[in-house]
Amino acid sequence: MASCPKAIWNWRFQRAVFRTVQLLCFSVLIFEVINQKEVSAWTYHYSNKTYSWNYSRAFCQKYYTDLVAIQNKNEIAYLNETIPYYNSYYWIGIRKINNKWTWVGTKKTLTEEAENWADNEPNNKRNNQDCVEIYIKSLSAPGKWNDEPCWKRKRALCYRASCQDMSCSKQGECIETIGNYTCSCYPGFYGPECEYVRECGEFDLPQHVHMNCSHPLGNFSFNSHCSFHCAEGYALNGPSELECLASGIWTNSPPQCVAVQCPALKSPEQGSMSCVQSAEAFQHQSSCSFSCEEGFALVGPEVVHCTALGVWTAPTPVCKALQCQDLPTSTKARVNCSHPFGDFRYQSTCSFTCDEGSFLVGASVLQCLDTGNWDAPFPECQAVTCAALPNPQNGEKTCVQPLGGSSYESTCWFTCHEGFSLSGPERLDCTPSGHWTGSPPTCEEVDTVSAPAPGVQCPTLIAPKQGTMSCQHHVRNFGLNTTCHFGCKAGFTLLGDSALQCRPSRQWTAAAPTCRAVKCAKLPVTEPIVMNCSNPWGNFSYGSTCSFHCPEGQLLNGSERTVCQENGQWSTTMPTCQAGPLTIQETLTYVGGAAAGTTGLVTGSILLALLRRRCRQKDDGKSPLNPQSHLGTYGVFTNAAFDPSP
């Protein structure tokens, strides 16, 4: 019996020894793999073995938090003091990303103030040094940084963070410090752990005010929202919604409710207004009627009422002058109009002038009468013409006539047959006065004995369309050193060189320029407005004229016509369409249509009764006819007297 307890004691002793040895072996193994230095809550760690930068970061993230993210100079001094020297040094948590040095843990770019590079670093040798090491206990640069290739093997310098998921109550930023952390509270929160919410306090609501609130963080606290509305018959005076700010102050004072009142009305220009008021001016149930002076028509309702919502039943009407016909765009005349009561309305006056080289046929001034008609027909501009030029004997004539015939801006060039020379101008232009710039030249027989050898001659130039040309000929027309200057009329710009010279190579110094019309901005057309444009020099260019109109039943708000001016600006802004009252024709159409429909139904019923009686007498077994209109649609009738379609 004595041997049994002894055996049991030996077994327990052996088991304890085995566990102790096992624990010592495990501790030795861990010590071989990892050495560490701790400071209370935030601890630093380093690997005993060397790894590449990527593997070092994986090592730190697996066993700790990440590679060291250095926040200040004190931390660098602490690391240099406590971490042991190692000849290949330590990796830290900085790497080049998108060509910028970045803290990999926070993905924040390294600022210049936080840099701690060694002298002449980073140098990026061989363009592949994208990772950073720290010189721990270096004699020449203790605690300094150096850029290195990421594949090199160094010890991993890790840290374990103090901040946890619930640190700072999830209402502030947790900032690591050596041995602890601090909380930087988000706006609206305060306290050591950001556990408190700023409160704004409750309201003292004025009479007739109703309030609805939401309190995501506590009653009448930061981020609380309150909306307000009034009892029926009252309107809100003040903000409709308030918010509790992070400062603990509401965005405004609570609103008040006042009795509903409609906006004050004014008599329309060229018209009058008469109102029946309630207890106070322009309050609920007030009504106002409107009328216009002679020569003006009311656009809008004759009577408006103030509703319980504090708005009138319709906008205030206006008195609009009678409309005259729009000016045609085919007159080719320059028009300058004054519109005291709107574009082309009563008392509008338009004066007409013609461009250089044309003359006006008709009245130079038109006025819109109170009848809605102009006081005279529209004038037109006709081009000035020059006398027809004969072909020179023993020569040829070539002409360019942009306006047709021998009109203004026509140009003719003259040449002689072989053995003859030109006596007179080589070119003639039709001037605005209706005369050519010179007399027609003649071709004279050349004296072959005394005739000089031909000199340098460049191709003949002509003035660009809508432009001018002025040449200085030194030896002969368009000969050597001839210089020609070009320009454009108002509303056009020159494309090319403004001056050309004839070179000994018989070529001009550049291609002949052209004149292009000044461009205006493209007009944005939105439904339902309709726009028609004439573009003599290209879409939305100088001289382009656009007219506007609205669908039937809608009124044009703005100018009915705009012109692209020589400065590249439109003469007026784009108009809009707004709903208008029924016209007399529309009213008659609807009333007439209804009357015609009723008459048609009565007539159809009588005819149907007669047909049924007739069919019964014949008793031929055929079905009675269904009533059909002449349009072929069952039950549809029209009144031709009021049908607006042709």
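Cβ atoms here come from the backbone N, Cα and C positions, even for glycine.
Annotated features in Swiss-Prot:
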SIGNAL    1-41  signal peptide
TOPO_DOM  42-587  topological domain 'Extracellular'
DOMAIN    58-158  domain 'C-type lectin'
DISULFID  CYS60-CYS158  disulfide bond
BINDING   GLU121, ASN123, ASN124, ASN146, ASP147  Ca(2+) binding site
DOMAIN    159-195  domain 'EGF-like'
DISULFID  CYS163-CYS174  disulfide bond
DISULFID  CYS185-CYS194  disulfide bond
DOMAIN    198-259  domain 'Sushi 1'
DISULFID  CYS200-CYS244  disulfide bond
DISULFID  CYS230-CYS257  disulfide bond
DOMAIN    260-321  domain 'Sushi 2'
DISULFID  CYS262-CYS306  disulfide bond
DOMAIN    322-383  domain 'Sushi 3'
DISULFID  CYS354-CYS381  disulfide bond
DOMAIN    384-445  domain 'Sushi 4'
DISULFID  CYS416-CYS443  disulfide bond
DOMAIN    456-517  domain 'Sushi 5'
DISULFID  CYS458-CYS502  disulfide bond
DISULFID  CYS488-CYS515  disulfide bond
DOMAIN    518-579  domain 'Sushi 6'
DISULFID  CYS520-CYS564  disulfide bond
DISULFID  CYS550-CYS577  disulfide bond
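What Swiss-Prot annotates, mapped onto the structure for a quick look.
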residue : record              : Cβ within 10 Å
CYS60   : disulfide bond      : 25
ASN146  : Ca(2+) binding site : 20
ASP147  : Ca(2+) binding site : 22
CYS174  : disulfide bond      : 19
CYS194  : disulfide bond      : 21
CYS200  : disulfide bond      : 20
CYS262  : disulfide bond      : 21
CYS458  : disulfide bond      : 22
CYS502  : disulfide bond      : 26
CYS520  : disulfide bond      : 22
Integer mean pLDDT for the domain 'Sushi 2' (260-321) | 87
Take the Cβ of CYS515 (disulfide bond) and count every other Cβ within 10 Å, whichever protein chain it belongs to.
-> 21
Stretch with greatest number of CB pairs under 8 Å, the domain 'Sushi 6' (518-579) reference, 159-195, 198-259, 322-383, 384-445 candidates = 322-383
Cβ-Cβ distance under 8 Å, sequence separation of 6 or more, same chain as ASN124 (Ca(2+) binding site); the residues meeting this, in order, are ASP147
Could you tell me how many residues in the domain 'Sushi 3' (322-383) are helical, how many are strand and how many are coil under DSSP?
-> 0 helix, 25 strand, 37 coil
Near ASN123 (Ca(2+) binding site), how many other Cβ atoms are within 10 Å of its Cβ?
-> 11
Around CYS416 (disulfide bond), how many other CB atoms lie within 10 A of its CB?
-> 20
For the domain 'Sushi 6' (518-579), DSSP counts of helix, strand and coil?
-> 0 helix, 25 strand, 37 coil
Cα nearest CYS60 (disulfide bond) among binding-site residues (GLU121, ASN123, ASN146) -> ASN146
Which chain neighbours of the Ca(2+) site, leaving out GLU121, ASN123, ASN124, ASN146, ASP147, have a Cβ atom within 8 Å of the mean position of the site's Cβ atoms?
-> TRP117, ALA118, ASN120, PRO122, LYS125, GLN129, GLU148
